[in-house]
């Protein structure tokens, strides 16, 4: 119903083009940029596969709040922070390998649930502007996170490993090495096909998550979330606890983001204690939007298409910038510009479209009444 | 008695009281940890003066109902263009500063106009769209700083010979042109009279604008758009006008900031510029839909006071610099608080 | 009918909102399988009665009610609508309570879906049960079959014609096994004629199956056709119970409206028929949500007070809003012989036409601003008054002194109760806010004044001040007034002529002295029955 | 009637699940805890008998190949979990080799020191836990 005016376009090709304008635009952009960059297709394929494994989980964590009508959850950084806290404890306890990763997730989960509960409660007080609130809330909790890590850890919260602590005796170092768990999930089960290594382990985890999301939409709770997402008032009249449903969607999203960040970091191999989570929300959201999602509708295909296009842009932009303008730095800025710009454009288009739709609806309703009355007087 | 205190608290809001008490306690502790109150106050005033115009720039948009201008970076960018261009032209002193303003204003007005058009299309979602418009414009300008053909050796990278530096000193051009005008210096105490006067002038202009027919219409458009429409006010036009004014003042604001700070910061530096200013305004008692000159002055003072006092006091107390973390918590906490407060007119 | 057979008895129900009596000793009884028509003007108490039945929180928060409710001879007092639904009372609202992106099935079973067990339920609770789509479909089809209508269970509500949405709503009540009583609140208001027919037939069939129905409607012919008995409410009391086979629309209408004018002297004898036509509205269409205007023709004479009456939602409010340019309008309006551009508030206002909106808080006032600014704002914007020049015209500021002075004048003359003219408008009571709105219009010194619902929600004292002020403005300044009101009595006490709007059109114009029944008939759309020539 | 029972049952299940998760956490801690295993090719005295370090020994601890540990040297292996296996191959002066493989278990906080000379010579005493 949200995309009504679009689906009314007569030509199916035009309709397809309009509703997928963003991905198509990026494909065109890449058609020019990829040859310019001069990367080999093997390299690109390898990179894309790595990045799909690395980012999918985080991007999928955005889907459920969209379903519940809370827009794009910039608050997944909360989950990312919870994941990082889990990893810090894992490092401190000296647990390595897959048990380490799972342990980090176990530790991160309750933190993510609490943060999700907080975020959900706050967003329920800011209905209608969830996105801006979740974004600022992310900044705010980032402050609390930094406070905890920088002053609490090693003083109040027991952290014993000197490898983690700053020389002054409390506070966690800036960069932490994740060598002990680096790529353990990726290497758990991976095959190589003509020079392209495919981390089947991670992909099967992602597949399991996709199945979960799919299954979830078919549960009572999933149905309730869809109802709440479309019309809170009607859902409340039917006896659905709207606030609780919304909070649950945020909690699920936060917990998934916590897992997602752990998967992401085990692939990268290091944590920037104070920065790794900063851009998680922005990049995940930009990727999802480039995949053709909107504030009100996001699907699993959007996730994979989006990550592929977004990261392909990310990889080739610096090199293409260098070839084109002689400065790799331009490409760096270009990709930042793309991620912010795409969010700005998508949000603006969405808000605009909603206004236009309201207007069209009004006009159509009026035309219908007019016609009905004229029929009545004529007959 | 208790009732009136309760009322006062309700009116001021808990966060504001906590922060004011926090600041007071900082000033109270300061002498015990060997920090001179005079220096502290002087620092606070200098920072207040340099930030005040930026905070002020938010007011027109709040008043016209466009919400908090998280896209302030647009104005900042216009200001930066003015700044680097005036240095490129080699104009120094007050003339240089005025040149920068003169160049910045038309840019700001044009950017503001289109920004206003956009915001009119996304009513209800202004703030989140504005944030990302601001972010992406900063990233876009980062590319431009590399590409634009500026030549002054004071500004471009030493090697390579093209592209502006990340930080450009304004020393020798217009460092402190306002700060030092009629300034008072008694020992450690420094009063940047010129900057304060300049802020007062702009504040007076904005205040008097809101006393005119047009300004009154703008307030009404923000306060109740339907009422304004019923009284024959073109609400959309008022909103665009307010965005243009906000953007222009922000452009001037960043120049005031730079003449005091001493450097022009390019590339990603302006990215988060809007948030402290917004937080300061909210701290001063403004809401998402209403702001006054009083809010600007109180807010900028409280906010800068905390930023100045916490590092020095905390440093002496626990030998560690917590100012960054406190800044993050206070500014974003303030914004979250304001966003979750119930709005009266909104449906 | 035997006492035992009543399904629902509401006995001696009384209710007041803060001393304002809205229901007085109302008793209604609904038999099994019986259709009861509940008719009455807006404000007669129908909705309050239903709110009491459903146990809405509004009722509990305002001190409950007196009287007793028996459902199948057990006394009940529902704490919330959910309890009422549980007990077997279903409600179908006038505006649809449906989720547009859901199918008919999903809406019919909203929050009552059939589910299957899975192991996650043990950990995360009942809400993780999976939906049983097959079973859901079966249930939806069964519910639809009970109505005997054509409705595709897999169609999205957003793609349905309006009638089907209504059926979906009713089917939802039918899916509940326990539903014994169905309340239909103006179910045909948004339907086309053929849809309404199907709807009525469906209702009849449900009644034949033993379901009791309370049918609230303004369409008199419908209710006479379908209901077994009619209950007419007026001013919170049951005026009469009628067998629908033994009555006429005229009788019902006169019972509904049925008041003789108490103060005959207030009816004015002034004859404006010959005076010039100041406003000529031709084929006006206004898109005002809920108050659609569909082609109104109306002529207003200079110096008269013209009343516009009609039931809520029929479009009477749309006329003023459309002419003033507040809602998109089409048509031709001449003012003093000149064409009045539509959709352009400035030009209308600057021609000397003023408007007091029915939506005081939403449209009429700047709640966060002081009284004085509220009063003069339009005058500043439109007429450039209250502006003072400084520095030889370089700076033009509001003349705050003059503004205060004028505001004080109005505060005094309209008896606005406030601390000072600087008090914020939101702090005033409804009546005083209304007076501020009037002052805002008067300060423009209008030749033509639209006033909508000037006395809605204000106390008796303020009411008479407001009406007296309007009368004085008309008499002393010769202002032509077009007053829209839901209160017929009020219109009859002040107006020279009264136009009645129904379904977005003027159904007739009557003198205030006309037979009350005629007003009632016009309001209900029974034009043919009216005797005193229209 | 079943509702309360269900509720009860569910709470039990939930509490059990939390307990299981905590246990799992502990299990993972034991399983994944990384140990430092020092490997010494040094002289050692056990029960009054002195064993001399004479040859280079190749050592593999679990999957970590420490390669050659020269006479009088110490190397360290990092390897997770409670169960460990050490394989040592001593290269005798004549070029021939002798091999020994032994298993040992560690608790989470243990740091182990294995004396390679003793590993070849005695049943107990080659492993020291700190």
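Just so it is clear, glycine is given a Cβ too, placed from its N, Cα and C backbone atoms.
Looking at A:333-352, A:353-372, the range annotated in TrEMBL as transmembrane segment turns out to be A:333-352. The list of residues near the transmembrane segment (A:196-216) in space but at least 6 beyond its ends in sequence, with Cβ under 8 angstroms from a Cβ of it, reads 42, 45-46, 49-50, 52-53, 56-57, 60, 63-64, 183, 185-190, 222, 256, 263, 267, 300. Proximity of distant same-chain residues to the transmembrane segment (A:248-268), defined by a Cβ-Cβ separation under 8 Å and at least 6 residues beyond the stretch ends, is recorded for 50, 53-55, 57-62, 64-65, 67-68, 70, 73, 75-80, 82-84, 86-87, 101, 104-105, 108-109, 111-113, 115-117, 119-120, 123, 178, 181-186, 202, 205, 209, 221, 225, 276-277, 280. Among the listed stretches A:96-123, A:280-296, A:303-321, the one sharing the most Cβ pairs under 8 Å with the transmembrane segment (A:20-45) is A:303-321. For the transmembrane segment (A:303-321), the list of distant contacts is 23, 26-27, 29-30, 33-34, 36-39, 44, 47-48, 51-52, 55-56, 59-60, 63, 283, 286-293, 327-332, 334-335, 338-339: same-chain residues at least six beyond its ends, Cβ to Cβ under 8 Å.
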